[in-house]
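Accompanying notes for the structure given below.
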Amino acid sequence: MSFPRAVAFLWWASLWNRVRKQAERLRRPKYLLGLVVGGIYVYSFFLRRLSLGARSEALTPEGQALAELSLSGMMMVTLVSAWALGQDRPAVAFTETEIQQLFPAPVSRRALVRYKLARGVAGAGMAAFFSTLFMGRWVSQHPVLFFLGALVTFVTVNLHVVAVSFLRTRLARWGWRGRALRWTVLAGLLAALGFSVYASVQAHPFPENVLREKQVWGWLSTLIEGSALQVALWPGRVLVALPMAANLWDFLHTLPMALGLLGAHYLCVLALIVPFEEVVVTRSEEMALRRGQRLARVGHIVLRAPFFRLRPVGRPEVALLWKNLLAARRTGGIDVLFFLALLSLAVPFGVALFLPHALPGVRQTLASIYLAFAALLTFVGPGSFRSDLRMDLPKLDLLRAMPLTGTQVVAAELLAPGLLLAVLQVGLLGFALLMVGEMPGRWSFELWVAAGLGLMPVLPALSLGGLLVQNAAVVLFPAWLPPEGERARGGIEALGQRLLMLAGSLVVLLGGLLPAAVAAALVGFTLEVWLGVWALPVAGLTAATGLGLEIVLGIVALGRAFDRMDVSSEGPGAP
């Protein structure tokens, strides 16, 4: 079997196995439901807006000219960057699997280059598809023509980068002479480009008395059609003109020139091939070394002191709390957040020394910022502080083997991120109260203090409720979640699963918040007659108490589900 046929068989078999595996997973209802939801989402937000016919949303002729000029300039920057930036080595990369399987095989260097170029065509196709999806409906009236033109453009740019890297590798063998030759030619081309732009602007100066917008568009059209600027931007204009063709005739008229440019680059790549095997292996070793250095840095963070010393006797839940607090300190940047919060307190002291008249405004601004960050942690904190069951997802079998009930495990796992979020939120609210001064309008000092005291129990309770919902997904749908630090599983059904989990989290969180909010409103409005704004702390404490009762019931129910969970069929890595 020839090498091209073997590669085609490998790609086809890989694609077929992936599709077959996805189809087998759809036999399970959770994946089928995820596929349906993900498909509806993709169709509603992307495919429904993509029409194969002409679109009426395309740019005006003036906007089309401006877009063509901008894209041509960006394309020229991309082409020139291949000559000026990066290292003088071949721009071909192989994975470790490809190195192990293809390099020892009886395959010529030219065949390996063609293999990488074919892979580049597949990548260019994906780039062209997403460009058509997100940009083509506004830039071009014909999405199909835009996709085909963008495909040719991206393939040509990829060939240009590879050919230039081969040529730079050859010039690097000449030492300083090669570098001098490359930079001299590049400087000459840049000088010619700059002179062309200058000559075009001098020949077509900007109108002095601009009364209407059409005058600016007319000047821009005249500038673009100038012969000097057309010659200077010719490569970029050719590559951009194909996807931006107004109709089929313009597309066919531009296609031969674009294909000729693509073919010339392909021939240059084949003619300039240099030995790259050693460079590819070295690059792979460098990437492995970087990964090792990252792991070493992570390992260095492990040596940091814990928040408290773990005693040899005591409740077993404290051991899980100690472990998760230590993990959060290693990976969550807790110390950095505390340091930044304390550092911000130096701002009013500096203002008081140098700009005392601006101190009230600065204090009000800082108070608002602290309050906003405390509220923001309620929404982003449960998803960011993952030192709980989500972190221990690959070790669910070990947790099940511990002499602890499911309720004990769930409560201990929730305690670490809940405590960290509570300390951060209460601290931020405390800083906000310290910064409060005389507030204008209805925002009086008493109202700020009462609202801050009312939020102190509510925000940590809301964060703990969000953590409970996040960990409920681990217990109820563990196969839907990737283990901590691993790449998330792809596919439309995986997208649908994440959307379902997000929607379910919002529904559960809002449903749990509603009874507590009703109880807090009843208490607050009743006491407002006697206490005024100071009814807010009592209402906040009432809401936090209601949320706390719901969280306790949720932990008990989740603990029972944890005891019944079959890790062998529902754990991470399950089909």
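Glycine is treated like the rest: Cβ placed from N, Cα and C.
Annotations in TrEMBL come from automatic prediction, not curation.
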Taking 298-320, 367-389 as the choices, which stretch does TrEMBL tie to transmembrane segment?
367-389
Best-packed against the transmembrane segment (448-481), counting Cβ pairs under 8 Å over 145-168, 257-281, 410-436, 502-527, 533-558, is stretch 533-558
Most Cβ pairs under 8 Å to the transmembrane segment (145-168), of 257-281, 367-389, 410-436, 533-558, goes to 257-281
Same-chain residues near the transmembrane segment (410-436), Cβ under 8 Å, at least 6 residues beyond its ends:
316-318, 320-321, 324-325, 327-328, 332, 334, 337-338, 341, 344-345, 348, 363-364, 366-368, 370-371, 373-374, 377-378, 381-382, 385-389, 392, 404, 445, 448-449, 452-453, 455-456, 459-460, 463-464, 467-468, 471, 475, 555, 558-559, 562
